[in-house]
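Student: Sharing the features that TrEMBL gives for it:
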{"type": "TRANSMEM", "residues": "73-95", "note": "transmembrane segment"}
{"type": "TRANSMEM", "residues": "107-126", "note": "transmembrane segment"}
{"type": "TRANSMEM", "residues": "146-165", "note": "transmembrane segment"}
{"type": "TRANSMEM", "residues": "177-198", "note": "transmembrane segment"}
{"type": "TRANSMEM", "residues": "210-230", "note": "transmembrane segment"}
{"type": "TRANSMEM", "residues": "242-262", "note": "transmembrane segment"}
{"type": "TRANSMEM", "residues": "298-318", "note": "transmembrane segment"}
{"type": "TRANSMEM", "residues": "324-343", "note": "transmembrane segment"}
{"type": "TRANSMEM", "residues": "350-372", "note": "transmembrane segment"}
{"type": "TRANSMEM", "residues": "412-435", "note": "transmembrane segment"}
{"type": "TRANSMEM", "residues": "447-470", "note": "transmembrane segment"}
Amino acid sequence: MATADPTEPLLTLLLSLSLSFIAYALTSHLVPLLGPHLVDKGLAGRDMLKEGFKRKEDLKEGEELQGELLPEATGVIGASVYILLLSLFAPLPYLSHLLPTSLTSSLSALPGLNMTALLSNAVGSTTEPTHLVDLDTSLVFPHHSFATYLASLLSLLIATFLGFMDDLFDIRWRFKLPIPLIASVPLLVTYAAGHGITDIVLPKVFGLRELLGAAGTSGVVHLGPLYYLYMSMLSTFCTNSINILAGVNGVEVGQALLIALSISINDLLYLTFSLPSGQTFGVGLARGSTELSDRHLFSLYFMLPLVGVCAGLLRWNWYPARSFIGDTFCYFSGMAFATVGILGHFSKTLLLFFLPQIVNFIYSTPQLFGILPCPRHRLPRLQEETGLLGCSWSALDGREGRLGRGLLEVLAFFRLVDIIAHTNLTLLNLLLVLRGPMREDRLTMELMGLQAMGSAVAFAVRYAGAGWFYDGGRR
């Protein structure tokens, strides 16, 4: 691993932060401006958890659906802003390679502006020359690094396009699963072209190293092609785990916002910034590794604008929602997380920030895999008499079999479901079982509280407990 003095000028952070504020301002302004056009095009829906709404199965003969039509798929607005800003930002990490040496030297004379270092450290750039020439920049330009950035944008574009197709055509679940796999292909190809590492380090617990014959290699196991399968599965999980923990105003955007903030904080821990005076500050967990700091700087480029987009969407999706984000948001935000996790080489740390989503997936497994009846909508139900949300349920009809009945009995023993008409197995419904009925905005806040607690646990496990599982606290 390359070592150097991986300091970044403070301007790097300020530029990334400015993108975040621009992303918020554009998204917040465009959602109400373009929302009515989505309604006109038929991309509209009613809030199922508001007073007066009735599900189709509850309508009497001749009765029509009630409630205000709200724009759907506004996630495509946020995704467009996000990809546009990242596209405009693309040349900045390579200014020192694109500008003539004379101009670079002149700009470097400005206080606090070091053009040679300014945004020059991108993924993969540590293995390529960093000197400048006036005439033939192709000799020194970090082509693989730039290809990695473009591949990330391409994956985000594919995810956004396929997500919008899902919002338009309501694709069935069995056809939804391959969508993130398709979108991750450019990432995997670029990763392979850059001779990406396909090794993993097994934890030193439960005798895993001895069991898999990795004791002599300090737990290092070469996975080869299986590693690419793992990365493609990671993109699928990041996308769909947000999608299945949904249905309440603000909950999808809220969890994505907190995950993006957590990743950004984690990235900042590895960076060291320089002041115009020459002083430096930062936690500096990269410990002199330019390669490691480059990866997290790349991640920060993608996460800070995502924070701004999520905040802008949350303004209009918070209770009472005035727009719905649709599956487009889940696809592009999940792909953004997968992108930084894969190319930043911190996929295990990334998964730690998805602890609530992992719990939700495990809890939902009996319904997701057809062991128990799984209705189309598993969101909570509004109690008309109190105006509070209560858990929803699915009636048992005998199709669950012995395995399904056994699972229900185990869950009922721990008072996690009602065995007569079993609670729909989502984390939102579980909160209502454990905490009782509550207002919709309170439920979203409790879920976001769990997300924040999950991030706190993730940081504790990653930085305080890593030494228990890995030699020297390695990931």
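The backbone N, Cα and C atoms fix where each Cβ goes, glycine too.
Where the annotation comes from TrEMBL, it is an automatic prediction and has not been curated.
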Student: When only pairs 6 or more apart in sequence are counted, do the transmembrane segment (350-372) and the transmembrane segment (242-262) reach 3 or more Cβ pairs under 8 Å?
Tutor: yes
Student: Residue list, the transmembrane segment (146-165) vs rest of chain: Cβ under 8 Å, 6 or more residues beyond ends.
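Tutor: Residues 73, 75-76, 79-80, 82-83, 86-87, 90, 93-94, 122-124, 171, 179-180, 182-187, 189-190, 193-194, 239, 298, 302, 326-332, 334-336, 339, 343.
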Student: Would you say the transmembrane segment (73-95) and the transmembrane segment (298-318) are touching, if the rule is that at least three C-beta pairs must lie under 8 angstroms and be 6 or more residues apart?
Tutor: yes
Student: Looking at 210-230, 324-343, 447-470, which one has the highest count of Cβ pairs under 8 angstroms to the transmembrane segment (73-95)?
Tutor: 324-343
